[in-house]
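Pulled from TrEMBL:
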- 1-20: signal peptide (SIGNAL)
- 44-146: domain 'TonB-dependent receptor plug' (DOMAIN)
- 207-228: region 'Disordered' (REGION)
- 216-225: compositional bias 'Low complexity' (COMPBIAS)
């Protein structure tokens with residue numbers, strides 16, 4: 001036996017190098033398991049396809065506590081647990097969409113467009129519906145919650161093992177005779193990834209069960225005829241220089257209109273009014289991401305975001321010819337709300353750290369700093385048409401406003417894995433604190449303003465300081481059962497219209513009586 005042992009060792013020493021030379025490279029691919037708070041309802045690509053989500057209303061079809069605030073002509077955003085309008089935040093890739101600038105004085109006439117902008121679901125990979133106040137993450141407006149859209153990535157179009165991917169999709173909805181056409185191209189290489197996507201949506205008014213006559217006036221039981229056409233686009237480019245450094249460019253936007261024959265608006269059958277609600281949105285982002293090989297720092301990211309929006313309502317009004325019954329145009333009102341948004345932000349997150357022995361657990365820290373500026377202005381052009389002439393009046397209803405904001409947010413996610421009599425639950429604690437400083441500064445008039453607008457003089461500057469926080473705990477007792485409690489705060493800043501629009505009747509004369517003693 002003493003001669004066999006060296007022989008076996010010699011065989012192993014000889015065979016092992018040969019096996020090492022014959023082995024091929026093995027590439028292991030997988031997907032990260034999504035984990036999120038129970039207060040967040042997430043719609044990923046699988047859910048979007050399974051639930052046949054093709055528009056905003058389909059998104060909340062199976063959510064009993066989430067709805068869409070819509071009056072047919074204007075989409076006012078979402079309703080979360082009874083809270084709606086500007087008290088529910090909306091964002092695309094982390095950039096908040098503008099609030100609805102609904103003027104209390106002019107809103108009743110329908111000459112302005114108070115809609116909330118959105119994004120076509122054809123360009124979206126995940127949608128997070130956060131239920132409850134969340135201003136520490138989303139800022140102003142997150143009182144009832146937020147709806148966060150994340151756009152598609154190049155690898156969503158490219159199958160594993162391939163470099164190129166193509167998306168061609170079309171759909172039809174009979175409820176409003178709507179067609180959706182989408183085409184896209186994706187590329188994923190070793191150093192470069194890119195995506196191009198375009199979607200077109202055309203349709204009409206939503207069908208109704210009303211069976212009355214299609215007449216003019218508020219007594220009509222038929223919906224006002226309307227047609228819409230929206231163009232949406234998405235482009236992304238990412239360059240991975242090495243394992244640590246990556247830069248990228250993202251662009252998405254939407255342009256479209258909804259044309260409505262407002263038969264229910266008119267009191268007289270001889271009068272008519274048609275509305276063309278237009279919207280235009282552009283979002284651009286440039287980022288740099290640094291992922292070091294460190295036991296302490298996970299990554300840092302520097303972002304520059306740019307957003308430009310144009311929300312308009314173009315109304316046509318007139319009467320009918322006494323002899324032919326043809327429409328004759330008398331008035332055309334073009335009312336626009338425009339915003340320009342710029343933001344520079346920095347975010348850093350640590351690796352899970354176990355350095356706090358007194359507190360225990362694994363801590364993941366994060367810090368976010370941002371400085372932003374939003375410009376708001378109103379442009380109006382009213383045209384009055386007479387028999388042989390026309391008159392154009394260009395004006396504004398209020399001063400333009402520049403809003404500057406500085407924000408700082410800190411977070412700490414703690415994970416404990418205690419062992420209690422062979423039972424090992426997973427306890428996760430979320431702590432976050434946010435600070436926001438906001439300054440409103442009225443600008444010079446961009447167009448003539450009425451005497452009622454100028455009666456109170458130039459508005460003064462104003463500022464707001466808001467603190468927001470979050471504290472929550474999740475206890476995963478088993479693989480199927482999780483108990484949690486979340487306490488969070490929210491706030492909402494006034495819009496530019498709410499803060500600075502004034503209307504003092506210019507015809508009022510104030511008499512001062514000088515009484516003598």
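For all residues, glycine too, the Cβ spot is worked out from N, Cα and C.
Unlike curated records, TrEMBL annotations are generated automatically.
With a threshold of 8 Å between CB atoms, the same-chain residues lying at least 6 positions outside the region 'Disordered' (207-228) that come near it are 72-73, 174-176, 201, 256-269, 271-272. Taken residue by residue, the region 'Disordered' (207-228) breaks down under DSSP into 0 helix, 3 strand, 19 coil.
Averaged over the domain 'TonB-dependent receptor plug' (44-146), the predicted model has a pLDDT of 88.
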